[in-house]
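Listed features, source TrEMBL:
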type     : residues  : note
DOMAIN   : 1-129     : domain 'Laminin G'
DISULFID : C102-C129 : disulfide bond
DOMAIN   : 130-166   : domain 'EGF-like'
DISULFID : C156-C165 : disulfide bond
DOMAIN   : 167-205   : domain 'EGF-like'
DISULFID : C176-C193 : disulfide bond
DISULFID : C195-C204 : disulfide bond
DOMAIN   : 210-398   : domain 'Laminin G'
Amino acid sequence: DFLCISLVNGFTQLRYNLGDKTVILQTLQKVHANGNTWHSLNAGRVGNEGYLDLDGINVTQKASPGMNALDTHTDFFVGGVSSLNLVNPMAIENEPTGFTGCIREIVINNRELKLTVTDPKGGANIGDCDGTDCGYTVCKNNGTCQVENSGFSCSCPREWTGTTCEQSIQCSQNTCGSHALCIPHPSSFSYTCVCALGWTGKYCNNKIKFYIAKFVGNSYIKYTDPFYGKRDLQYSRLSLNFTTNQTEGLIAWMGKSENEDNDFLAIGLANGTLKVVINLGERISVPLMHSKYFTCSVGRWHFITVVQNQTCIKVYLDEELILFEDIDPQKKYTALNYGGICYFGGFEIGRKVNTVTMGLFQKEFIGKIKDVVLFQDSKKIQLMKAEGYNVYDGNSGN
């Protein structure tokens, strides 16, 4: 399998093979090869349908039915490859050759690659395209860059300030404590302080401890499992207690959530019912829905356990087995490669639950969580020692 973007006789070409035949898409117009015109290129595939868009002019094509997954386990190469014999003969029309020109802003599956000296895994014969201290994204938030004798300076839009326009005007004079993030509210020309785990108060200066975590809707905890390297990922288990009065919300997400190919196990509420979703590979997300409408009275605690035994999934609610399903009798994928990461209540600030979960869950969790246990560990995990923001002490009334 492969996916390759190349220049052929002045046209841009996308070629991909999902396991049967090679699909070829070519732009309708040639690129300007004058060395000073930037082009915007969008290329990829959804299932077996490929698309290629150059400067807003789009071409699409479907591959044969049946093949809709790209199985590639190589490095991702930009501009050339470490050895030209790595290139599949069907991936390019003519003899493969390295690209000459400039490339900026590469986004793969909604994540931007940092084109710096240190971020890529490797490379050779790469230089600075701009030739000045004004690189493509030196000035943030639509700031404009001017070359100066001492380097560069940024001219910022009126809502932004700082040497690279990185700070909002609202937060430039903020009084948030050192354990807080300043979140600007441009419409009201104000800000709020969002507190890190273990801190509370208007300016996040008051230290707290908690064993019950209270989530208020824009909260999250990200826990890194210290025993991940020793886990048997074919036999995963997650249990916790929760209480809520909402009908929607992501309670827990066991997985890295960096891109759509990551494995995960998720627990949440959808339309007032309990929803558990498992993905063991190839984006085959299997949602398991509790059959009964599930309402939670305020203050009523529920105990949930999800057990993954290879492809067999069991879900217990308040000690009762409510779901039992073999999600893949073929047993193609049997391990939950969750990367040692567990999220509770939501994801990092600025990452919306409905976007990250691709619509599987609609909202961040509002309620309380306690007694989280991974696998068959004898101790509950210490939520206080994780990363997170805007989480309160669930024992108190705040």
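Yeah, the Cβs are placed from backbone N, Cα and C, and that goes for glycine too.
Keep in mind it's a predicted model, so treat the numbers as computed, not measured.
Compared over the disulfide-bonded residues C102, C129, C165, C195, C204, the count of CB atoms lying within 10 A of a residue's CB peaks at C195. Mean pLDDT of the predicted structure over the domain 'Laminin G' (210-398): 88. Looking at C129 (disulfide bond) and C176 (disulfide bond), their Cα atoms lie 40 Å from each other. Counting only residues at least six positions away in the same chain, the Cβ atoms of C139, N141, G143, G162, C165 sit under 8 Å from the Cβ of C156 (disulfide bond). Proximity of C193 (disulfide bond) to non-local residues of its own chain (separation of 6 or more, Cβ distance below 8 Å) is seen for N174, T175, C176, G177, A180, L181, C182, I183, K202, Y203, C204, given in sequence order.
Distance between Cα atoms for C102 (disulfide bond) and C195 (disulfide bond): 42 Å, as a whole number. For the domain 'EGF-like' (130-166), the list of distant contacts is 104-105, 172, 186: same-chain residues at least six beyond its ends, Cβ to Cβ under 8 Å. Under DSSP, the residues of the domain 'Laminin G' (1-129) split into helix, strand and coil as follows: 6 helix, 47 strand, 76 coil. Other Cβ atoms within 10 Å of the Cβ of C176 (disulfide bond) number 19 in total over all chains. Helix, strand and coil content of the domain 'EGF-like' (130-166), in residues and according to DSSP, is 0 helix, 12 strand, 25 coil.
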